[in-house]
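Per Swiss-Prot, the features are:
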- ASP147: active site, proton acceptor (ACT_SITE)
- ILE30, GLY31, HIS32, GLY33, SER34, PHE35, GLY36, ALA37, VAL38, LYS53: ATP binding site (BINDING)
- 452-502: coiled coil (COILED)
- 548-649: coiled coil (COILED)
- 754-875: coiled coil (COILED)
- 334-351: compositional bias 'Polar residues' (COMPBIAS)
- 352-368: compositional bias 'Low complexity' (COMPBIAS)
- 24-277: domain 'Protein kinase' (DOMAIN)
- 316-374: region 'Disordered' (REGION)
- 565-596: region 'Disordered' (REGION)
Amino acid sequence: MRKGVPKDPEIADLFYKDDPEEIFVGLHEIGHGSFGAVYFATNSHTNEVVAVKKMSYSGKQTNEKWQDIIKEVKFLQQLKHPNTIEYKGCYLKEHTAWLVMEYCLGSASDMLEVHKKPLQEVEIAAITHGALQGLAYLHSHCKIHRDIKAGNILLTEPGQVKLADFGSASIVSPANSFVGTPYWMAPEVILAMDEGQYDGKVDVWSLGITCIELAERKPPLFNMNAMSALYHIAQNDSPTLQSNEWSDSFRGFVDYCLQKIPQERPSSADLLRHDFVRRDRPPRVLIDLIQRTKDAVRELDNLQYRKMKKILFQETRNGPLTESQEEEEDSEHGSNLSRKMDSLGSNHSIPSMSVSTGSQSSSVSSMQEVLDESSPELVMMHSDESTVNSTSSVVQKKDHVFIRDEVGHRDRRPEVRPTQSVQNQALHYRNRERFATIKSASLVTRQIHEHEQENELREQMSGYKRMRRQHQKQLIALENKLKAEMDEHRLKLQKEVETHANNSSIELEKLAKKQVAVMEKEAKTAAADEKKFQQQILAQQKKDMATFLESQKKQYKLCKEKIKEEMNEDHSTPKKEKQERISKHKENLQHTQAEEEAHLLSQQRLYYDKNCRFFKRKTMIKRHELEQQNIREELNKKRTQKEMEHAMLIRHDESTRELEYRQLHTLQKLRMDLIRLQHQTELENQLEYNKRRERELHRKHFMELRQQPKNLKAMEMQIKKQFQDTCKVQTKQYKALKNHQLEVTPKSEHKTILKSLKDEQTRKLAILAEQYEQSINEMMASQALRRDEAQEAECQALRLQLQQEMELLNAYQSKIKMQTEAQHERELQKLEQRVSLRRAHLEQKIEEELAALQKERSERIKFLLERQEREIETFDMESLRMGFGNLVTLDYPKEDYR
């Protein structure tokens, strides 16, 4: 994707497709920062006044800048609250994002710069209350601003407080990035990479620092190097309000915000219930403050405009002003401004605790507006009268007119054209009157100038922030990589466990199927054996019955023949009676044989049933033995599988333990490497800062040395003038004395007296000349000594300050190193405890599973034996009911059924 032409539809939807240069007109720069510039503009379609923040995403770190823009746009789109800046849209134009927001008059910081004194406590309370409401809204949606300061708290014409500049904001809470402005950073943000995450309470800390800023014009440690301030904040106690004249409620509020430990620090919602922001205050307190500030800004701009106008007139007519004229102009207007500022400004009695850099460098020599070059001979005339159009929030001048310089037509000399920079400045101050603001033109100019001058320091700080963020990204990337590796490892182990469980289940299913097949086979075999056994018995009984019938038949024949023989021998019995007796004897014999046959059949049936019953009992016992064998085989298989599973789990635990220790070592090694790199960078930055400060001091001393001859010449001229005055006095005295002596002495002695007086005059002048030379020499020596002493004192003070900052850096780095080592030790102990606890849980689980398996084994075997015992008992009871008696002792030949 080429930046500026996003191909991702989701990203493309964040930006409007229109050309911003056609929509927004009349752009005037009203602010400047590391991101770029903020402009006042008018929407040509709706005539709405807006603020345009231009952010370039070309050059170095293009992708990082682009991602920051996307993040800020997404963040702004989600905001909808009276105390957050209203988002209007974002446009892309030639690798520059035009972020359009509602226009505000300026920031709380601008008020401090305009009035050059702290705000009143009631004004601070009103601003803080509005900022807190915005923060509470952000924090309730798990968002963090991360760059709260007076410069990012804006005010609108009706006195509404707005949070702005969400370039450092975090959409998620907690976060762990090193972002923000050094002097306002909370300790946990500075230590974010070293100690972990932070939440919305970092904004509460920054708000407390902002309260001190509004009360003392500058945040704590502002006179310190920004890097050194970071080290100071990270390891020293929280700052407090310096003056005792503030109320206890305000002091308590600031102390409450600046609790060092985040857990003890209140949330933004808690602070909204604090007496400092809840107490009564005039409803128009901010509106009045804004109006006073606007009046003061207008007076400042008018003063600068009059200066530029006079320079224009002077350059047009006679060339540049002399230095003395400039000083007179400055002193005159300065005294007027001072008197007016005293009447307009805040009347708080607390003095400023630090010197504003703005008061030292309110230069107007680098204004960037362009004067219309088509009228080089025109001179602007300015009226002091102005009105504020409250409906359009635009301040308009009544009497801006142009007249032609008549002097230029009368004077035939070549005219001197005003310099372009002076024209630019004059038009800049004139054009500013077209919109309402509480930021003076000199402040805008100074911001631009400082942005250009402090590029090296800003690059160093941004490079340091970038390095910290890069380190954080490296740690997060490594953590994600290690987490992915651990997840992959655990997934692999889980698959192995699942594979083992599946294989075990399959093996048990196979075993169950095999046992079922064996049981079915045994059942079929038993049924076949039983059938064969029955057939054998029946065949034998059939054979026995045939033998028995044959025997009966033979016996019947024998008996019949025997009876016949007996009857034949008995001749006395009648034949009829013999026949009857033979028939009866046959019947008896047949009856006896029938009874014997029936008895044999009964014996055979009993034998058959009893032996079949006994065979069934043996078959059942054999089946029981097979069931016992099967359950023992199944339980043994389960135990073997469980033991294999336990061995695998122990192996997994050991491999996981080894991986965890290796990953912890890798993470800690990277963290220590990054800390060493960070400390090395911090040391290099500090050394570079020290060299820069020494160079600046050396340059200052060199300039003083170059300036020294001029100063000495002036002082020498002053001494010479004093000498000349003394000489004149002595000459007058000599003349008076000479006249007096000539009048009171005879004329004959005049020559001697004149010679004597001449010698005395020569002697005194010689002494005076000697004194003059001695004064010159003493003055030069004194000035040189004073200069050397002052420069040496400055060098000594600088060395002491730099040494203290270096010691502060060393202490900070030592603390960070000790904290990191302690953190690593805690992580190692935590890992050891986790590993030990996990191993104990695993061993307990193994023990419990083995006990459960043994219990299952005992219960299943017991249940099987009881079932089999009940089955045999039921079978034997049924056998008894069938009259078979005890079948256990039945052991006789199959043929012995009689």
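Using N, Cα and C of the backbone, Cβ positions are placed for all residues, glycine too.
Location within the structure of each feature annotated in Swiss-Prot.
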{"residue": "ILE30", "record": "ATP binding site", "CB count, 10 Å": "25"}
{"residue": "HIS32", "record": "ATP binding site", "CB count, 10 Å": "18"}
{"residue": "GLY36", "record": "ATP binding site", "CB count, 10 Å": "18"}
{"residue": "VAL38", "record": "ATP binding site", "CB count, 10 Å": "22"}
{"residue": "ASP147", "record": "active site, proton acceptor", "CB count, 10 Å": "22"}
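Cα of ILE30 (ATP binding site) to Cα of the residue listed as 'active site, proton acceptor': a span of 20 Å. A straight line from the CA of VAL38 (ATP binding site) to the CA of the residue listed as 'active site, proton acceptor' spans 17 Å. Here the region 'Disordered' (565-596) has Cβ contacts under 8 Å with residues 548, 552, 555-556, 559 of the same chain, all six or more residues outside its ends. Assigned with DSSP, the residues of the region 'Disordered' (565-596) fall into helix, strand and coil as follows: 27 helix, 0 strand, 5 coil. Per-residue pLDDT, averaged along the coiled coil (754-875), amounts to 87 for this model.
Between the CA atoms of GLY36 (ATP binding site) and ASP147 (active site, proton acceptor) there is a gap of 17 Å, rounded to the nearest whole number.
On the backbone, the CA of HIS32 (ATP binding site) and the CA of ASP147 (active site, proton acceptor) stand 16 Å apart.
Under the DSSP three-state reduction, VAL38 (ATP binding site) is assigned to strand.
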